[in-house]
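Copied from TrEMBL, the annotated features are:
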- 214-366: domain 'O-antigen ligase-related' (DOMAIN)
- 666-699: repeat 'TPR' (REPEAT)
- 700-733: repeat 'TPR' (REPEAT)
- 12-36: transmembrane segment (TRANSMEM)
- 42-60: transmembrane segment (TRANSMEM)
- 72-97: transmembrane segment (TRANSMEM)
- 112-130: transmembrane segment (TRANSMEM)
- 137-156: transmembrane segment (TRANSMEM)
- 176-196: transmembrane segment (TRANSMEM)
- 203-220: transmembrane segment (TRANSMEM)
- 226-246: transmembrane segment (TRANSMEM)
- 253-271: transmembrane segment (TRANSMEM)
- 354-378: transmembrane segment (TRANSMEM)
- 409-426: transmembrane segment (TRANSMEM)
- 447-464: transmembrane segment (TRANSMEM)
């Protein structure tokens, strides 16, 4: 094979690898954690890294043959904004609060510097090798065909053919309604772009039908951000055609469309309080735009927290993926009045970038949109419809990101779109007779090709294969413990498998340790394993969490989990109570506004019998978060164990009046029953003992306490009924029961 054939082969291989990357949205990796995200991202990264190896060798071969770099992309304004943004991300990672996490991210997000590099690489790969219109037609058609399959899957979910994790919201094989909507948003515009490119009647019918079908599926996702983005994009395109398009009958249809859109929006707004709108999920979500309640309020509070965090690190931010640190440090506890869990994203892309990458990151990010839009604007006279559809795509994506955040699937579509825009602007590779300044500085590249290929191969293993193996072992360990015939031997095998996963030392470790903890805590009440086996499992888990805290000292979940593990171990070894207290106090010091830190400290101090410290912590959290019912609940519980029944009753009742939910928690129900018994509120005590007895109808102590309570209340018949049942259900207590019944015979009902 001569050098020209080699170059053609390598160029073709790159194109096919990128087209294969378009198929990753279809992957569901059931053998790993986060099957809808992790497997897709790993597959995409491997394909891009293989394409990069081909590209570097292509540069090397081309240089040998021509003495030039014909496959280097032109660095126009758009390319320079992307380079600038990536350099800011690098600096933000270096100066962030957790460099390791910023670089590698986690399985659930796959949004670290390493992951993002592949999307920047995608842009430059397509800019360098997709030289002709035909190449772009191939990749765009591949994308919309795959999106059609994704949409069919989502339609199957709507009719109950496939599992959906979001109830009546379709997700497709992407596992999340918002991710599906974002993915379809891009492909709807790709279809529109292709529609404008062809005059073939069959092709136009296919693209038109696909736009309609995928718009319906997008609406079935009930994702407001993407729906508003699609509408905004349609408006941008329509207004643009009215202003810059040729004079023809199409403008009349566009005017009618815009008028219909205004009328429909106005009618929906006026009908927003009707039963029809409130009972129709899609219409309700579209009109539920209040920032005073529900998700609107949650996001408003989250954005405010994010802006407060930005002010602490305004230049380069907290680092990629470190939003969770900024959020927890600047948390307003009122957030938990509206939401039950902390955020690792602001659900607003601009706030995310501002917090994680600072003002420099936000300016660099916005410059990408500005550069693309400006360059397209300058082309609008040459091809108004095509330029406007790409501007509309940028606008739609920008609008939807005001309510959402980016994920690998959206990055894939966004950077592919930027590559398409770059091609439309004439930003393809350098032609043989051109030698701009950037090429002259690339002479040293011929010496770097092989070292760079070696680096890519190393990252292929460390950043993709190893994490994949680690995640698979984590799932395997769960499956071993989940088997019905689990024994002490299989328990040890599961622990060995978890350890094997962690010993890969990859980005999967935080979530593997989290999974390990959840699994182990779920076995403490199991009768399948011996006590020593369970203790060994708890100790192994504690050691892993301790190691995790050393590696990631700002990771909140490690502290929350290790307190639970220590408290269980304290049943055998009281020294663990001190360890648990130290961790809880450290968490309070790290994140003084985090209510869960105080709850963990209170639980620990109650177990240790240090009731005064528990009360102090309870008072701290009630002052810090007077809107939160759990704060008053934990304070009331602290007073209960300290023996102050009046203050215990005052605080627990305040928690209940604030809609504190104890659900079916037997410990909470028993505490309330005992509290009302000790404060002589027998009617309410009986209610809670009855609730407990309904859950545990064969529990001897509960039945005895309830019978004794009825006796105290003078309800002799009810006391006798419960005691008589005990003779049948608990014959071992017959002597005490008969004695109790004899006592009842000498009492008169009140």
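Here, residue 1 is simply the first one shown, and the rest follow in order.
From the backbone N, Cα and C atoms, a Cβ is placed for every residue, glycine too.
In terms of DSSP secondary structure, the repeat 'TPR' (700-733) contains 31 helix, 0 strand, 3 coil.
For the transmembrane segment (409-426), the most Cβ-contacting stretch among 112-130, 137-156, 176-196, 226-246, 447-464 is 112-130 (pairs under 8 Å). Counting Cβ pairs under 8 Å that are 6 or more residues apart, the transmembrane segment (42-60) and the transmembrane segment (112-130) reach 3 or more and are in contact. Look at the repeat 'TPR' (666-699): DSSP puts its residues at 27 helix, 0 strand, 7 coil. In this chain, the transmembrane segment (112-130) touches the transmembrane segment (72-97); three or more CB pairs sit within less than 8 A of each other, excluding pairs fewer than 6 residues apart. The predicted model assigns the domain 'O-antigen ligase-related' (214-366) a mean pLDDT of 91.
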